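**Student:** Under the heading substrate binding site, TrEMBL lists B:14, B:15, B:16, B:29, B:80. Look at TrEMBL and you will find B:20-238 tagged as domain 'Radical SAM core'. Look at TrEMBL and you will find B:33, B:37, B:40 tagged as [4Fe-4S] cluster binding site. Among the features that TrEMBL reports, S-adenosyl-L-methionine binding site is placed at B:39, B:40, B:41, B:82, B:126, B:127, B:128. Sequence annotations record features per position, and here TrEMBL assigns Mg(2+) binding site to B:42.
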Ligand code: SF4
Ligand code: SF4
């Protein structure tokens, strides 16, 4: 059994983003990322600030911890990061959780392929727009999307682009045009990671959401899309572990 | 060509509820309902207050109006009411819109079957909980769910229960248990239909959403579910036509 670097296990709560927004779920957050997005809202997974909190856990230990926290109150687990796609042997966790009757969601930016992607129930690939200051390896992303498609996984896969500005919207259009076969989500970015007044943050996020909706409504290139807020930030501000 | 009683045609905007929440869509609102829910947020469709605004329109005329308003900026239409399932010949509209390349969402409380349900891309059946003061005809609802299942439409169908109080949560559990094969959504009810301060309403709705999430997290009967806010009310308060 391999050990995985885990930073947070919590829930049950709701999935706040993307293709299964609102779904009752547990969260497992793994440490480590090959990116360093300018606006990363989980920079503690890779910037060293939480490195003493990383626990190396087997799939069995992760399941035990999930069960301790969630009891019989869940049947869905979201694996998030960092970039959990860096973990080559993560199928051990995916297989175990599915044996225990759970569905699995996982989010990755799409920089690395793993064969176990084909087992994920709700796979979100989230290429990072210009505001992140990262650049996408398109050959790699093409390859990932092709592999999923050939394995018949398109209905279990979606693309998500987090949008902070107009340049990001152009990027979103380009991604949607490149992979029209995949469900496509646009999400409001959270610019105020230091804001501690939850109500003020919620109001600002709703304003930005309205701006994003307006932009999408005015574009005929963004018809077959869904536009979502980041529900967790609306509800719980910048708190961790909810 | 039959004529349908239409009260509103607007968009593009986003779908604010249920299985395709966030989806870019146009709205067609039909007049008439066989229910009179205590908290109906579109009572003007059946209480006589807007009867002079009802236009009798053919499918062609509805499409023309959609195209005038939405141009090339949509590929999805939501048919809402009232209860659009009262309209026996509505397949004329569904067929025409699908010929034009649109996907169709439709919401009904599940009191009446129509054969054209089998053509709807995103069909939401929303039985009304005790707080509505309506009572569900379970034989009828069983029959509707069975027909959809036998026609292979389960993946295009979802159940949604709007929740105002604890009694409604018990009702939701019962519905979910009765039809475990269908995707199940719980939605926060809007108690403040007269509130004109959008910001205050949004804050109250977020609080109620948090309450609903708490209730669902504590129930092992509500594991395979999704809990959503009413995004339209969060964004635009009680305004019509957005
Ligand atoms: S890919 Fe995700 S976890 Fe990694 S730096 Fe970017 S936002 Fe953060
Ligand atoms: S079924 Fe819907 S439209 Fe009819 S009264 Fe109830 S909430 Fe209003």
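Counting starts with 1 at the first residue shown.
Cβ atoms here come from the backbone N, Cα and C positions, even for glycine.
Here the structure is a predicted model, which means the values were calculated and not measured.
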**Student:** For the [4Fe-4S] cluster site given as B:33, B:37, B:40, which other residues of the same chain have their Cβ within 8 Å of the site's Cβ centre?
**Tutor:** B:35, B:36, B:42, B:43, B:45, B:46, B:82, B:128, B:132, B:134
**Student:** Could you check which of the binding-site residues B:33, B:37, B:40, B:80, B:82, B:127 have their CB within less than 6 A of ligand 2?
**Tutor:** B:33, B:37, B:40, B:82
**Student:** Could you tally the C-beta atoms, other than its own, that fall within 10 angstroms of the C-beta of residue B:29 (substrate binding site)?
**Tutor:** 21
**Student:** Residue B:128 (S-adenosyl-L-methionine binding site): which of the binding-site residues B:29, B:33, B:40, B:42 is the nearest Cα neighbour?
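**Tutor:** Closest by Cα: B:40.
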**Student:** Which one is it: of the binding-site residues B:39, B:40, B:42, B:126, B:127, whose Cα lies the shortest distance from the Cα of residue B:29 (substrate binding site)?
**Tutor:** B:42
**Student:** Measuring Cα to Cα across B:39, B:40, B:41, B:82, B:126, B:127, B:128, which the record gives as the S-adenosyl-L-methionine binders, how far apart are the two most distant ones in Å?
**Tutor:** 15
**Student:** Of B:37, B:39, B:40, which is closest to residue B:15 (substrate binding site) if I measure between C-alpha atoms? They're all binding-site residues.
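**Tutor:** Result for residue B:15 (substrate binding site): the nearest of the binding-site residues is B:40.
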**Student:** Could you check the binding-site residues B:14, B:16, B:29, B:82, B:128 and tell me which sit with their Cβ under 8 Å of a chain A Cβ?
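**Tutor:** The binding-site residues close to chain A are B:14.
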**Student:** What is the interatomic distance between the Cα atoms of residue B:14 (substrate binding site) and residue B:33 ([4Fe-4S] cluster binding site), given in whole Å?
**Tutor:** 24
